[in-house]
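Notes to accompany the following structure.
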Amino acid sequence: MFQGRVVASFVRRKEGFSRVYNTLIQSNSSTVLRHEPVRSFSSQTAKKCLFGVYGYRSFSKVHQVPSLRNMSTVASVASSKEGLKLLVTAGPRAQKMVGIWLFGSAAWVFSMVVLGGVTRLTRSGLSMTDWKFTGQLPPLSDEEWLQEFEKYKQSPEYKRVNKGMSIEDFKFIYWMEYAHRMWGRALGIMFALPFSYFLRKGYISLRLGLRLSTLFALGAGQGLIGWWMVKSGLEEPASEYTQPRVSPYRLAAHLTSAFIIYCGLFWTGLSVVMPEPPVESVAWARGALKVRRFALPVSLLVGITAISGAFVAGNDAGHAYNTFPKMGDTWVPDDIFDMKPLIRNFFENTSTVQLNHRLLATATLVSIATLWRSTRKLEIHPAVRSLIGSTFGMAALQVTLGVSTLLSYVPVSLGTAHQAGALTLLTLIILLNHTVRRPSMSLLKSLPQVVKTA
């Protein structure tokens, strides 16, 4: 029926029986790999078959360029194939509803991080000197405001930084911290109610339910971590010349926890609405594999750089050495190893913390630029190429924001934009890793060698 020759035949032996599963035939008159239906074969065999280990010759490489809106086209087709385990199994409408909820929750966490940055930069975080898990009503009368103000007057921050503050100024920083806390509690309700509804409707699989329960527990614990952080700023500093501030370690833990929750929600939302990566040929799958090998270490570097920014904030290191590229008159300050033991310098020494953040930010920009340059000639999905370019652009913008914030002595507007930029860059790198992840075997077995000519 078909002209040509048999490229390969594969035999799988298991538990005393064997069977020929697949015969791939290449037509002499076509540039696209044609194949008979494949029932099943091992992942090892599939990899060899599809990635040309058995000596396939090159095919024509004239590609259609699909729209970015169609990134999940392959996923929706492959979702009906055998072997793909969906997180939401109640149909496309349920997938869409759960996806919107998860992306909405991730956006809420994003706003929480930004609001937390504003709270810190306006020095509002220590205005509330007590904490209740369920929250409390704000002061509603002049008498209640005076009571809260008296509590704040007992704190080290008032005595050393804000002594003589008017009650109107106190109300501003109180409302900032109150809004941050209540916004977090509102997120818990906004997450829990739809979660219960989707569970009752049977939309959520066991695997997804366990993952979301873990994220919900982390979110509940985030409130405790926040108070643990604030409490460190309400204690008397060790030196009378030191301004009261929260522990940089606790601030880093609070911010890192927020990043983990955000990444978990965003990744899970992507997995719900796009259960398969956008690959339409073996060539594109090969290109995605090469991108993934480089994107993973770059992602780790982005995460470490973001966490190092928390130590910059915790040590108020942004208010020191407000010059660039040098730090003052030198490239490396003389006091970067003054603290003992040596390890403390990397987390508590203002000079060392800022130098580390500069070096990590530069390394992040260079690594993303290298990723962009090294993948320019790869055969990859247009959506992946676009994501790499966007990530490079965002990394350059983030470095620009960081330098501008430093040179301007950390104004609230630029400081907040820089923190939001860190999370935006993290968002793009997560999306890139999700888009180039490994396809299921059912999808790989159905792919042509190249995308068909338009």
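Placement of Cβ uses the backbone N, Cα and C atoms for every residue, glycine included.
Unlike curated entries, TrEMBL annotations are predicted automatically.
Taken from TrEMBL, the feature transmembrane segment applies to 98-118, 182-200, 212-230, 250-273, 294-314, 355-375, 387-410, 416-436.
Cβ atoms under 8 Å from those of the transmembrane segment (182-200) belong to residues 94, 97-98, 101, 104-105, 108-109, 111-112, 115, 134-135, 209, 212, 216, 219-220, 222-223, 226 of the same chain, restricted to positions at least 6 beyond its ends.
Relative to the transmembrane segment (387-410), the listed stretch 416-436 leads the set 212-230, 250-273, 294-314, 355-375, 416-436 in CB pairs under 8 A. Below 8 angstroms of C-beta separation, residues 71, 110, 113-114, 117-118, 121, 259, 262-263, 266-267, 270-271, 274, 277-278, 288-289, 291-292, 295-296, 298-299, 302-303, 305-306, 309, 380-381, 383-384, 387-388, 390-391, 394-395, 397-398, 401-402, 405 of the same chain, each at least six residues beyond the ends of the transmembrane segment (416-436), sit close to that stretch.
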